[in-house]
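Some features that TrEMBL has for this protein:
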- 38-150: domain 'Ig-like' (DOMAIN)
- 176-239: domain 'Ig-like' (DOMAIN)
- 253-344: domain 'Ig-like' (DOMAIN)
- 375-398: transmembrane segment (TRANSMEM)
- 455-731: domain 'Protein kinase' (DOMAIN)
- Lys489: ATP binding site (BINDING)
Amino acid sequence: MIHNTQVRMEARGSVSPLTITTMYFGILLTLLSTSQLPQVLAFLVIDGPKDHGVSVKSNTTFFCKVYDTNFSGPGDWEPFLISWSFQPLNGAPTTILEVEIHRMEFIQQLNINENKYSTSNGYELHVKSVTFSDAGNYTCMLNISDEKVGASLFVLEKPHCSIPPMPLMVNVLTHFNCSVNYAGLNAPHLEWYHGPDIMDTDSNITSSTVSSTLTISATRDKNGHIFTCYAKYEEQTFTTYCQTIPPLSIYFPVRVETTYAEPRKRYNIYSRGDDVYLHCIAFGNPIPDYHWVYTSPDSRNHFVLSQLNYYRIRNVQRGDEGNYSCRVTNKYNGQTYEDEKIIQIRITDDQKPFLQHTAKKSFHYNFPVNTISPYTIGAVISSSLAVILIIVFIVLAVRLRAKERRIREKLARSHDENLDDQEVELLDENIQPNNEDIGEYSDNRHGWEIPRRFIKLHELIGKGVYTEVWRGKMQKNPAREDMVRVAIKRLMVEATDKEKKFFLEEMEVLKMLPPHHNIIHLIGCYTLHEPQLIVLEYAAEGTLRNYLQRHRLGQQEIEINSGHQQAVRLRNYALTPQMMLNLATQILRGMEHLLRFKLISYRLTSASVLVAKGGVIRLTGFGFQEDVMSRNLYEATSLPVRWMCPESIKERIFNITTDVWAFGILLWEIIHFGLTPYPTMGPQEVCEKVTSGYRMPQPPQCSAELYGLMLSCWQSHPANRPSLEELHHLLKSMSRVYSEHILFEKIPEYQRASPYDQLDSDL
């Protein structure tokens, strides 16, 4: 068109060259303004990628960003190319990927090694299954401006922590080495940590390896601790690490920390007939042996009473006075170490205060004591007791009436609080609620709502911050009078609005959660008036802690039969290794069910896990993560620190990985028959030790594989703790050869049931 215009103008012979030039420029400007020609491509600029580090066998991505600096808006761009090149260490660069882009959108990729590299939108480069040979420089280049930017990739293996043979001798200098192989222009930085504290170390760097040595003195307080070595590229925010696992095992001589008698009395002076419990706490590695030795006041009698860490004196008498020595020993490196502490027990004769008062009164009126008839004394005692009982009943009745008025359920509660013994005995403890019976309440106005007259409270069995747990009974359905034993969670009348909210949230979660064999079953609720109630199935065996303690190794129960043969016999009542692993597996099944609905445990401890008849686990106390965190923050003073991980202790974080940590503690409890975790520490010391890297040492009855599973749950970094599925798979494998993982013959004597425990269930 421009050429034709020029010809016509020249033919007329009337247009000057200046006019023609002006017309050329006018036409050119017109075309540019109507986007008839491509825009100037120099408006495109390029940015990225960035240096970073990555572990061997992982995938990584570089990003190359292209910007349009023509702020008037994108135009009709002609296609352009982004080229990716790779230059290995000590090698020449080669093109590994070219991407054609049109109108800022990906068109196609050219010259790509699909087994190693890929891209999804043209502006990023994915490097698959990285090896040391992938370390080097990666460059992104724009063809229209020859502009390019590059970044380095550093590749390293996971660090390796080497530890000396265990156990260590106390106070010897011990060296831990951390080494990592790497490839790249820069070496990673190694740091040793003990909990949050950075340790002083010596480092050595070569072209392909970095190593760091930590030297410590193996003091007694380091027993059971774990140290962590981090490999970092700090500018690229990349970190990996290794740990000194298993935890340090340091042999040190036994020492008696403390001895004490219960009940606590001044100067250990007890009355005849009292039961006295002697306790001894000692520290040592290997685990110490205990001996309680009695020495009479005249030192003539001297004999061993027990080889446990406690001893019970029943019905103490004058002859029980004397010194009770707790002697502990342990042996290592061919030498025996011993320590001892003594408790002096004294016995006194107590006289009844009533008789003393009567004697003084009789003497005051000059009536000889021996003139008072025994019948008179009996009558006075009987009448006094009757008066006291009448007063007690009156007080209880008045308080009960006031309480009934406050909760506006006078008639129902009056019936509950005055259940007679015969009515209680008629309750069938073996009846368990079933869905068919429970379903008949669904016709009520609120679905889960149970009429208050069908719910009977019987015995208070537990108390929380704002709830009480009662053992009770419930009418199975409106049509029949059959009763079922249930557990009833009752909101206290004085509960705050926030506590009521927690209570109702727990109720709603139970309503929406599909039933599961290892989750407590909701039967129904009562919310029309205060106090509000949640009715749950009754777990006949109680808490997991009590269940484990009742079934310790060596535990027996007395069976009384009504038949003529063998009317009384002892039955072995202890758990087996197979049963222990089954309990742990059931807990995992329940946790997996909760996780499917994005629920976590409120407080996963042996005291909050229930056991139904037949040893069936029932999990209780769970909710959505935000609700659980809010509730734990509200009840911070009663948090179960012995089951908590470092991030829960320091930052009050609660999620599925904190539940995994708690499961590891539960597993430790199971193989110790309900022994309290960290048994020699107070709560504050537990917090300090756990956050500084301490982990409970391997129990003697526990295999290395099972202890390794516990340690995996107790990883400092939440992301490195195993999933519930992985734990379930590992436990299932161990259950096939359970006798190899829990070795009863190695359980210390002090963890076994004592002869007295077989007769008394309250110990």
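From the backbone N, Cα and C atoms, a Cβ is placed for every residue, glycine too.
The Cβ of Lys489 (ATP binding site) has 21 other Cβ atoms within 10 Å, all protein chains considered. Assigned with DSSP, the residues of the domain 'Ig-like' (253-344) fall into helix, strand and coil as follows: 6 helix, 60 strand, 26 coil. Summarised by DSSP class, the composition of the domain 'Ig-like' (176-239) is 6 helix, 39 strand, 19 coil.
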